[in-house]
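Novice: A single structure is presented below for examination.
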């Protein structure tokens, strides 16, 4: 009934297994990949013919983490998996980026890759297992896929690269100073296709070494997928890349010179209008048959690419006339919004970001319910890309995959320089509103985010800047590396290489390669050129701000205090009664954790002090021999009970009230009367013993009144 094919190798410290033929047999390709006890099922299906009029490749990658994989029940009202989490969206993009360029050009059949996490051992992150499973499923599916690829994660600790570090070591690098890198690399047998990383000011050489280590480490996995395919692959789908060479020559003859003139226009919107006019002019000179050719749009795009690429490689000339290593003009401004906690407007050429920082308290932390546990994040970065930023009227709604991915890239770049939570107990939310875009808006978010946080008073370890690099690589091996690429250079080039960091080193690196043949020499040169660009941008940013400014008067102030853990119950009170009273009386927000760390937040310093004093009076212990002011709360035959230390009561025995004999305490005391008392000590049962007779009741000083 089943035709099961199973292959396995020892990979790092775990066994990697690939299995097909047992489940999802109606899919074009189905593979379950298992690393340790983490298992991911990848299923591939593709249409056998394209939809009419389709002018792009409709590839969809889905990644879903099932809660049952870790023995958990989903939260929420419906108790089932719903919309994709940020992790699921980012992982889907992580898988999509290296496989998309490897489909045969011209293939426009609808293709679906679905990755489902079936089991999670809480040690091995399922994202890389999913990438391997997806690659294996594509390889055996018969789809025109020029893989396989494989991926791995690399850490960097004590100068050593670590293959597939445990998930607990990687999910919060800011609080794990020994681990300085979280790098994901995907590639084929011969080339690196994709890099994604979060780093702690690593040098260019260290980053390049990590990429090489990763590419070497995935070779056994690629061999394993090939071994599986030799026994389980389906017949290749009969698809030939369309030959539109004659059509392209006709398009080139009709429009190359005019297209070159159009691409000499520096203004983006004018250039786009001119390019559109050239395309329409080309179409007017084509035959009816050529106009109906489904490859016409591809031929026109190839004409654009040819013009741009030849100018870069042969003439060293770019669309806007810049040198290959030249950064566009930069204007950095801070304090652009009066009521926000911190704001910056970062403009680089025709790319602009309005970035705003808001400071919050512990109540504002983001709660994350992940397969490997629940945790909180006190740094949030949200990236918004409205249609008007590119002069279009389009969809407005919740963030898409691209916005989530760009936001996470900027988050990785900036979180490495944030102060420790113990030194800066605030929740920081950064929002990047892209108001203009012509390439590298995510890096504008990094620069603007750094400026905005410093404007808000966040004591960053160092300013951070980012730059997007591009590459044009010709068949003869000649190439040009571009600094600070425009949107057209991104779309028509062979590599998108984003690097962010401080003067000391790299904090984030993202690379997407569309072609094979990117050598280590090219990558090394690109990183060095990116460093020069980054340092230039940092110098321009320094004209606006170089260090954390003063807090906005509208931002909350937070004071922290540590109390003994056995006092937490007293501060909270029965049903939260005490802490609610503190909040109501003081007007401050009060947050307490299981370690006894209390955060008191308010824009008003007096509110913070009042809450601090109230908490201190609850948790502090009265000192023997000290004098305190108190209030008589109850009179009995043998003395008086005095409330003298917050809510603490003690007994003043009748013999300790005055230096003379009293018939009854009520002879000299009444309930509600304020008195001065001295703490004599505690009896065997811990009861407080107080005295009045040795304290001057007028001055509160030691020594009875005459």
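Glycine is no exception: its Cβ is also placed from the backbone N, Cα and C atoms.
Swiss-Prot lists these features:
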type	residues	note
BINDING	490, 496	Mg(2+) binding site
DOMAIN	556-615	domain 'KH'
DOMAIN	625-693	domain 'S1 motif'
Novice: Give the number of CB atoms, excluding that of residue 496 (Mg(2+) binding site) itself, located within 10 Å of its CB.
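Specialist: Step by step: centre on the Cβ of residue 496 (Mg(2+) binding site), count other Cβ atoms within 10 Å, giving 21.
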Novice: Can you tell me how the residues of the domain 'S1 motif' (625-693) break down into helix, strand and coil by DSSP?
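Specialist: Here the numbers are 6 helix, 36 strand, 27 coil.
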Novice: What average pLDDT does the predicted model assign to the domain 'S1 motif' (625-693)?
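Specialist: A mean pLDDT of 86 is what the predicted model shows over the domain 'S1 motif' (625-693).
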Novice: Give the helix, strand or coil assignment DSSP yields for residue 496 (Mg(2+) binding site).
Specialist: strand
